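As recorded in TrEMBL, the features of this protein are as follows:
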COMPBIAS  164-177  compositional bias 'Basic and acidic residues'
DOMAIN    1-61  domain 'MADS-box'
DOMAIN    87-177  domain 'K-box'
REGION    164-214  region 'Disordered'
Amino acid sequence: MVRGKTQMKRIENATSRQVTFSKRRNGLLKKAFELSVLCDAEVSLIIFSPKGKLYEFASSNMQDTIERYLRHTKDRVSSKPVSEENMQHLKYEAANMMKKIEQLEASKRKLLGEGIGSCSIEELQQIEQQLEKSVKCIRARKTQVFKEQIEHLKQKEKALAAENEKLSQKWGSHENEVWSNKNQESGRGHDEESSPSSEVETQLFIGLPCSSRK
(Lines of atoms letter the chains of each structure in order from A; the text may use other names.)
(Lines give C-alpha, C1' and ligand atoms only; values in the text may rest on other atoms or scores of the structure.)
Protein backbone atom coordinates (compact mmCIF):
# COMPACT_ATOMS: atom_id res chain seq x y z
CA MET A 1 0.00 0.00 0.00
CA VAL A 2 1.47 3.32 -1.08
CA ARG A 3 1.89 5.83 1.69
CA GLY A 4 0.43 9.26 0.97
CA LYS A 5 2.56 12.36 0.95
CA THR A 6 2.46 14.23 4.24
CA GLN A 7 1.48 17.87 3.99
CA MET A 8 3.89 20.25 5.70
CA LYS A 9 1.49 22.05 8.03
CA ARG A 10 0.53 21.85 11.66
CA ILE A 11 -1.44 18.77 12.63
CA GLU A 12 -4.68 20.00 14.18
CA ASN A 13 -5.59 16.79 16.02
CA ALA A 14 -3.73 16.76 19.35
CA THR A 15 -3.44 12.94 19.55
CA SER A 16 -2.11 12.62 16.02
CA ARG A 17 0.27 15.49 16.62
CA GLN A 18 1.70 13.82 19.75
CA VAL A 19 2.10 10.43 17.98
CA THR A 20 3.86 12.05 15.03
CA PHE A 21 6.16 13.99 17.37
CA SER A 22 7.19 10.84 19.21
CA LYS A 23 7.90 8.86 16.02
CA ARG A 24 9.85 11.59 14.26
CA ARG A 25 11.75 12.54 17.43
CA ASN A 26 12.99 9.00 17.83
CA GLY A 27 13.90 8.84 14.15
CA LEU A 28 15.80 12.12 14.38
CA LEU A 29 17.74 10.96 17.44
CA LYS A 30 18.58 7.70 15.68
CA LYS A 31 19.82 9.52 12.57
CA ALA A 32 21.99 11.82 14.73
CA PHE A 33 23.55 8.82 16.45
CA GLU A 34 24.19 7.03 13.13
CA LEU A 35 25.77 10.17 11.64
CA SER A 36 28.16 10.56 14.57
CA VAL A 37 29.20 6.88 14.43
CA LEU A 38 29.45 6.36 10.67
CA CYS A 39 31.13 9.67 9.83
CA ASP A 40 33.00 10.34 13.10
CA ALA A 41 31.21 13.72 13.29
CA GLU A 42 30.59 15.75 16.40
CA VAL A 43 26.81 15.89 16.58
CA SER A 44 24.60 17.56 19.18
CA LEU A 45 20.81 17.64 18.99
CA ILE A 46 18.38 19.54 21.23
CA ILE A 47 14.60 19.06 21.05
CA PHE A 48 11.86 20.70 23.12
CA SER A 49 8.42 19.13 23.03
CA PRO A 50 5.28 21.31 22.70
CA LYS A 51 4.92 21.00 26.49
CA GLY A 52 8.52 22.11 27.07
CA LYS A 53 10.09 18.72 27.78
CA LEU A 54 13.76 18.48 26.76
CA TYR A 55 15.23 15.74 24.58
CA GLU A 56 18.87 15.84 23.61
CA PHE A 57 21.70 13.82 22.05
CA ALA A 58 25.41 14.59 21.99
CA SER A 59 28.21 12.48 20.57
CA SER A 60 30.53 14.27 23.01
CA ASN A 61 30.01 16.81 25.80
CA MET A 62 27.02 19.03 24.99
CA GLN A 63 28.48 22.15 26.69
CA ASP A 64 31.76 21.81 24.82
CA THR A 65 29.91 21.52 21.52
CA ILE A 66 27.84 24.63 22.28
CA GLU A 67 30.95 26.65 23.19
CA ARG A 68 32.64 25.48 20.00
CA TYR A 69 29.60 26.59 18.01
CA LEU A 70 29.59 30.04 19.66
CA ARG A 71 33.29 30.54 18.93
CA HIS A 72 32.81 29.51 15.33
CA THR A 73 29.86 31.86 14.71
CA LYS A 74 31.68 34.75 16.43
CA ASP A 75 34.77 34.30 14.29
CA ARG A 76 32.65 33.97 11.18
CA VAL A 77 30.79 37.23 11.86
CA SER A 78 33.94 39.20 12.74
CA SER A 79 35.82 37.94 9.69
CA LYS A 80 33.00 38.58 7.26
CA PRO A 81 34.28 41.11 4.72
CA VAL A 82 32.30 44.21 3.94
CA SER A 83 30.93 43.95 0.45
CA GLU A 84 31.62 46.63 -2.16
CA GLU A 85 27.91 47.42 -2.30
CA ASN A 86 27.74 48.04 1.44
CA MET A 87 30.85 50.20 1.27
CA GLN A 88 29.36 52.37 -1.46
CA HIS A 89 26.14 52.72 0.52
CA LEU A 90 28.04 53.82 3.64
CA LYS A 91 29.99 56.38 1.64
CA TYR A 92 26.79 57.73 0.15
CA GLU A 93 25.15 58.04 3.58
CA ALA A 94 28.21 59.79 5.01
CA ALA A 95 28.26 62.29 2.13
CA ASN A 96 24.57 63.06 2.64
CA MET A 97 25.10 63.60 6.36
CA MET A 98 27.99 65.98 5.73
CA LYS A 99 25.89 67.92 3.23
CA LYS A 100 23.02 68.25 5.70
CA ILE A 101 25.40 69.43 8.42
CA GLU A 102 26.81 72.10 6.12
CA GLN A 103 23.30 73.29 5.22
CA LEU A 104 22.32 73.51 8.89
CA GLU A 105 25.48 75.44 9.73
CA ALA A 106 24.84 77.91 6.88
CA SER A 107 21.20 78.35 7.96
CA LYS A 108 22.32 78.96 11.54
CA ARG A 109 24.79 81.64 10.45
CA LYS A 110 22.12 83.39 8.35
CA LEU A 111 19.69 83.41 11.30
CA LEU A 112 22.43 85.10 13.33
CA GLY A 113 22.84 87.73 10.60
CA GLU A 114 26.10 86.33 9.25
CA GLY A 115 26.84 85.57 5.61
CA ILE A 116 23.68 87.21 4.24
CA GLY A 117 25.49 89.42 1.76
CA SER A 118 24.94 86.96 -1.07
CA CYS A 119 21.29 86.22 -0.18
CA SER A 120 18.53 87.12 -2.60
CA ILE A 121 15.34 88.98 -1.71
CA GLU A 122 13.43 85.69 -1.47
CA GLU A 123 16.02 84.17 0.88
CA LEU A 124 16.03 87.28 3.07
CA GLN A 125 12.23 87.20 3.26
CA GLN A 126 12.33 83.54 4.30
CA ILE A 127 14.90 84.32 7.00
CA GLU A 128 12.76 87.22 8.21
CA GLN A 129 9.66 85.02 8.39
CA GLN A 130 11.55 82.38 10.33
CA LEU A 131 12.79 84.98 12.81
CA GLU A 132 9.30 86.46 13.25
CA LYS A 133 7.88 83.00 13.85
CA SER A 134 10.60 82.28 16.40
CA VAL A 135 9.95 85.61 18.16
CA LYS A 136 6.22 84.83 18.36
CA CYS A 137 6.94 81.45 19.91
CA ILE A 138 9.36 83.00 22.40
CA ARG A 139 6.89 85.74 23.39
CA ALA A 140 4.09 83.23 23.79
CA ARG A 141 6.26 81.11 26.04
CA LYS A 142 7.36 84.17 28.02
CA THR A 143 3.72 85.21 28.54
CA GLN A 144 2.87 81.72 29.73
CA VAL A 145 5.78 81.76 32.20
CA PHE A 146 4.65 85.17 33.51
CA LYS A 147 1.11 83.87 34.04
CA GLU A 148 2.39 80.83 35.87
CA GLN A 149 4.57 82.98 38.11
CA ILE A 150 1.69 85.39 38.84
CA GLU A 151 -0.61 82.49 39.71
CA HIS A 152 2.08 81.07 41.98
CA LEU A 153 2.49 84.43 43.73
CA LYS A 154 -1.29 84.71 44.19
CA GLN A 155 -1.40 81.31 45.79
CA LYS A 156 1.50 82.28 48.04
CA GLU A 157 -0.26 85.56 48.94
CA LYS A 158 -3.42 83.67 49.92
CA ALA A 159 -1.42 81.30 52.08
CA LEU A 160 0.38 84.19 53.81
CA ALA A 161 -2.92 86.03 54.35
CA ALA A 162 -4.45 82.95 55.95
CA GLU A 163 -1.40 82.52 58.16
CA ASN A 164 -1.53 86.20 59.12
CA GLU A 165 -5.21 85.92 60.03
CA LYS A 166 -4.49 82.88 62.13
CA LEU A 167 -1.68 84.66 63.98
CA SER A 168 -3.87 87.76 64.49
CA GLN A 169 -6.62 85.71 66.06
CA LYS A 170 -4.13 83.95 68.29
CA TRP A 171 -2.53 87.24 69.36
CA GLY A 172 -5.95 88.86 69.98
CA SER A 173 -7.02 86.07 72.31
CA HIS A 174 -3.68 86.38 74.12
CA GLU A 175 -4.19 90.16 74.64
CA ASN A 176 -7.71 89.58 75.96
CA GLU A 177 -6.37 87.08 78.45
CA VAL A 178 -3.66 89.49 79.61
CA TRP A 179 -6.18 92.35 79.92
CA SER A 180 -8.54 90.15 81.94
CA ASN A 181 -5.74 89.16 84.32
CA LYS A 182 -4.80 92.83 84.81
CA ASN A 183 -8.40 93.77 85.60
CA GLN A 184 -8.66 90.99 88.15
CA GLU A 185 -5.46 92.11 89.88
CA SER A 186 -6.62 95.75 89.87
CA GLY A 187 -9.94 94.76 91.46
CA ARG A 188 -8.28 92.90 94.28
CA GLY A 189 -6.01 95.88 95.05
CA HIS A 190 -9.00 98.25 95.21
CA ASP A 191 -10.80 96.00 97.71
CA GLU A 192 -7.78 95.90 99.96
CA GLU A 193 -7.50 99.73 99.98
CA SER A 194 -11.20 100.32 100.66
CA SER A 195 -11.19 98.08 103.80
CA PRO A 196 -7.94 98.82 105.72
CA SER A 197 -7.22 96.93 108.89
CA SER A 198 -7.03 99.20 112.04
CA GLU A 199 -6.73 98.50 115.71
CA VAL A 200 -9.44 100.05 118.02
CA GLU A 201 -8.54 100.45 121.66
CA THR A 202 -11.47 100.30 124.08
CA GLN A 203 -11.60 100.70 127.85
CA LEU A 204 -14.26 99.03 129.96
CA PHE A 205 -14.94 100.38 133.50
CA ILE A 206 -16.98 98.35 135.94
CA GLY A 207 -18.19 99.94 139.13
CA LEU A 208 -18.61 103.41 140.45
CA PRO A 209 -16.48 106.11 139.05
CA CYS A 210 -13.61 107.00 141.24
CA SER A 211 -13.81 110.44 142.92
CA SER A 212 -10.80 112.44 143.63
CA ARG A 213 -9.74 112.58 147.28
CA LYS A 214 -8.40 115.55 149.00
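Backbone N, Cα and C atoms are what each Cβ position is placed from, and that goes for glycine too.
In the domain 'MADS-box' (1-61), helix, strand and coil residues by DSSP number 26 helix, 10 strand, 25 coil. Using DSSP to sort the residues of the domain 'K-box' (87-177) gives these counts of helix, strand and coil: 82 helix, 0 strand, 9 coil.
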